[in-house]
Amino acid sequence: MFRRVVRASKFRHVFGQALKNDQCYDDIRVSRVTWDSSFCAVNPKFVAIIIEASGGGAFLVLPLNKSGRIDKAYPTVCGHTGPVLDIDWCPHNDQVIASGSEDCTVMVWQIPENGLVTGLSEPVVVLEGHSKRVGIITWHPTARNVLLSAVTHCLSVYIFVLINK
């Protein structure tokens, strides 16, 4: 005798509601470079989004309290000569973000307390050593100033001292 069984699911009766346009980010040109990345990173103060940029790689850093339509002239973090592939916020400092790029470098950036008012093109630290594009960036969750970067076949761990200005 055949008996039909409904698979139990915790999410069967969960429904969502879309936010209004003024509560979303709009008109952002997200990067088209394909990599195993989420193209964004969030911390308690900011959201960073990898965007299309001519002449190199760039990403936006937006305060979480700013939403709505993002102006095309909004300041960006740009310093890489190739497209940015991954970004990650430091878990110990909400103003520090690292970016990995197709130009084989990792850059660590210090974002001002109130966010960007002008473009940022000078990183705090430039980490070089990869011979292929840097696709994965992640900070150690408990140890300060430990950053991991990886390419398709190589892994590097950087330990550095970040001095606040």
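Any Cβ shown, glycine's included, is placed from N, Cα and C.
Feature annotation from TrEMBL assigns domain 'DUF1899' to 4-68. Each residue in the domain 'DUF1899' (4-68) has a pLDDT score, and their mean in this model is 83.
With DSSP classes pooled into helix, strand and coil, the tally for the repeat 'WD' (77-111) is 0 helix, 22 strand, 13 coil. TrEMBL lists 77-111 with the feature repeat 'WD'.
The feature transmembrane segment is assigned by TrEMBL to 146-163.
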Long-range Cβ contacts under 8 Å made by the repeat 'WD' (77-111), restricted to residues 6 or more beyond its ends, are 31, 33, 35, 37, 40-46, 48, 50, 53, 55-61, 119-128, 130-139, 141, 144, 147, 149, 158, 160, 162, 164-165
